[in-house]
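What Swiss-Prot says about this one:
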type	residues	note
REGION	1-42	region 'Disordered'
MOD_RES	S2	phosphoserine
MOD_RES	S2	N-acetylserine
MOD_RES	K17	N6-acetyllysine
MOD_RES	T18	phosphothreonine
COMPBIAS	20-36	compositional bias 'Basic residues'
MOD_RES	K35	N6-(beta-hydroxybutyryl)lysine
DOMAIN	37-110	domain 'H15'
MOD_RES	K53	N6-(beta-hydroxybutyryl)lysine
MOD_RES	R55	citrulline
MOD_RES	K65	N6-(beta-hydroxybutyryl)lysine
MOD_RES	K86	N6-(beta-hydroxybutyryl)lysine
REGION	87-221	region 'Disordered'
MOD_RES	K91	N6-(beta-hydroxybutyryl)lysine
MOD_RES	S105	phosphoserine
MOD_RES	K107	N6-(beta-hydroxybutyryl)lysine
COMPBIAS	120-141	compositional bias 'Basic residues'
COMPBIAS	150-161	compositional bias 'Basic residues'
COMPBIAS	170-187	compositional bias 'Basic residues'
COMPBIAS	194-221	compositional bias 'Basic residues'
Amino acid sequence: MSETAPVAPAAPAPAEKTPVKKKAKKSGVAAGKRKASGPPVSELITKAVAASKERSGVSLAALKKALAAAGYDVEKNNSRIKLGLKSLVSKGTLVQTKGTGASGSFKLNKKAATGEAKPKGKKAGAAKPKKAAGAAKKPKKSTGAATPKKAAKKTPKKVKKPAAAAGTKKVAKSPKKAKAAKPKKPTKSPAKAKAPKPKAAKPKAAKPKATKAKKAVSKKK
């Protein structure tokens with residue numbers, strides 16, 4: 001019995017540790033949401049400087065007043081404001097007209113503002129070639145239609161074969177002419193055979209004389 005008693009309190013100990021981890025995760029997520037909810041300091045500074053109408057630029061004190069009016073905690077984020085000003089000056093978005101570092105007056109760089117606006121137009125122009133590329137893809141479908149044309153060109157080759165057969169027919173006709181030339185020689189021989197026929201006709205002429213002699217004999221009787 002004494003051995004089973006100390007085991008019971010050891011079981012709830014891990015159950016107490018698990019909710020602590022969950023709370024830590026929830027608190028970390030909440031802190032991340034709080035940081036992500038507000039805009040960055042650099043954007044607030046640029047908006048405040050752009051809203052001012054002072055030609056000489058906005059001083060650090062005037063900038064802090066503008067940020068405080070926008071609901072930004074200037075006292076807690078004083079170091080962030082100074083770092084944001086230095087980074088904006090180094091990037092070229094702000095121009096420091098007076099002073100050095102974070103102290104002094106700051107003015108919005110118009111060239112940088114126009115330079116930022118131009119790349120947006122370039123991006124829009126770059127989007128148009130994509131549409132043109134899509135239109136260029138459409139003619140690829142017509143290439144599929146062009147393949148039947150190649151097949152149509154191949155079909156006349158079959159028609160050329162009968163032409164070759166016609167050539168063979170012409171060659172076959174030429175021997176016929178040669179055969180027709182051979183019978184011309186035998187035609188001369190019948191002409192020679194006709195020549196003796198008139199000679200044989202002379203004895204036939206003598207037959208009537210015999211008939212006349214027979215008639216004369218009959219008269220004498």
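We number each residue from 1, going along the chain as drawn.
Keep in mind that glycine also has a Cβ here, set from the backbone N, Cα and C atoms.
As the structure is a computational prediction, the values presented were derived from the model and not from experiment.
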Under the DSSP assignment, what numbers of helix, strand and coil residues are found in the domain 'H15' (37-110)? 37 helix, 11 strand, 26 coil
I need the least crowded one of these modified residues (K53, K91, K107), counting other C-beta atoms within 10 angstroms of each C-beta. K53
Distance check against R55 (citrulline) for the modified residues K65, K86, K91, K107, keeping those with Cα within 10 Å: K107
Cα-Cα separation of K53 (N6-(beta-hydroxybutyryl)lysine) and S105 (phosphoserine), in Å? 13
Need one number: mean pLDDT over the domain 'H15' (37-110). 80
K91 (N6-(beta-hydroxybutyryl)lysine): which of the modified residues K65, S105, K107 is the nearest Cα neighbour? K107
Please list, in sequence order, the residues in the chain of K86 (N6-(beta-hydroxybutyryl)lysine) that are at least six apart in sequence and whose C-beta is under 8 Å away from its C-beta. G101, A102
Whole-number answer please: how many Å between the C-alpha atoms of S105 (phosphoserine) and K65 (N6-(beta-hydroxybutyryl)lysine)? 14
Integer Å value for the Cα distance linking K107 (N6-(beta-hydroxybutyryl)lysine) with K65 (N6-(beta-hydroxybutyryl)lysine) is 16
Among R55, K65, the one of these modified residues whose Cβ has the fewest neighbouring Cβ atoms within 10 Å: R55
Using all protein chains in view, find how many other C-beta atoms are within 10 Å of the C-beta of S105 (phosphoserine). 18
